[in-house]
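These notes are about the structure you will find just below.
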Amino acid sequence: MSAASSTESVTPALKAEILAEALPYIKRFFDKTIVIKYGGNAMTDPHLKDCFARDVVLLKLVGLNPVVVHGGGPQIETLLAKVGKKGEFVQGMRVTDAETMEVVEMVLGGQVNKEIVNLINQAGGKAVGLTGKDASFIRAKKLLMQKLDAPAGDVIDVGQVGEITTIDPSLISFLDQGDFIPVIAPIGVGDNGETYNINADVVAGKLAEILKAEKLVLLTNTPGVLDKAGNLLTGLTPRQIDDLVADGTLSGGMLPKIGSALDAARNGVKSVHIIDGRVEHCLLLEILTDHGVGTMIKSK
């Protein structure tokens, strides 16, 4: 069924029921911060992009404070291919030499960030695009990545990939108070002005901790976290996550996502969700209805 015919089939009574269901959640989350990691198909499908922008604007209009952190992997790969480079990943992190860093900053801080800002503004919001270099609000240092199943100190050089050292929340708080919607590209700055590519899931998780967010919502291209049989796991504890990593169920790009989600849950973020970004209006379904659309990460 098309989006148009689906909308036309919703009766006035059902619309009223949907609004009534949302009311207690609007009251509960009023003036609360919701950090959203935006990525995957939701960033490439035109209809899903429109749904995402309208969801974010609606959340702001009913009194929540959405903060968007975005990725841009497919767009980075496209530009790398144009300059004759191929992306390389280690444990879900993009290996970033100097030339790749230029491409990453151009794509994330320019093309992708401004497209998201424009989408939200066209939907009626007031979005402001940022990177961690703005006001130096995301400070970082070179990430020394520990090899899996190797002795401590056995590290992999992944180039200009950054590890967050500090986040100054004052800029984001200032924008929230002014009814703006921050849209953040995951680029950090070093003490000597170095530029660092930081995994967007990691930035979203750390930002949620610093802002004392009510929720962290990570969009992905799957229904959530799946077991080896492809079944959705609606809730995960740290012990279960360790088991899934050990048996290889969780790997690649899901590793930083899960790690970020678990750290946030352990450090004060009240609820953390990995949801299906391919579902229309997935944010509203997760935040303002009784029916979640993914996996909830528990701190214990």
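Keep in mind that glycine also has a Cβ here, set from the backbone N, Cα and C atoms.
Swiss-Prot annotations:
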- Gly72, Gly73, Arg94, Asn197: substrate binding site (BINDING)
- Lys37: site 'Transition state stabilizer' (SITE)
- Lys257: site 'Transition state stabilizer' (SITE)
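Counted within 10 Å of its Cβ, the other Cβ atoms near Lys257 (site 'Transition state stabilizer') come to 26, all protein chains included. Gly72 (substrate binding site) sits 11 Å from Lys37 (site 'Transition state stabilizer'), taking the Cα positions as reference. Neighbour density at the Cβ, taken as the number of other Cβ atoms within 10 Å, is lowest among the recorded positions Lys37, Gly72, Gly73, Arg94, Asn197 for Gly73. Looking at Asn197 (substrate binding site) and Lys257 (site 'Transition state stabilizer'), their Cα atoms lie 16 Å from each other. The Cβ centroid of Gly72, Gly73, Arg94, Asn197 marks the substrate site; residues of that chain outside this set whose Cβ lies within 8 Å of it are Gly71, Ile76, Gly87, Val104, Val107, Leu108, Pro186, Asn199, Ala200, given in sequence order.
The two recorded residues, Arg94 (substrate binding site) and Lys37 (site 'Transition state stabilizer'), have Cα atoms 17 Å apart.
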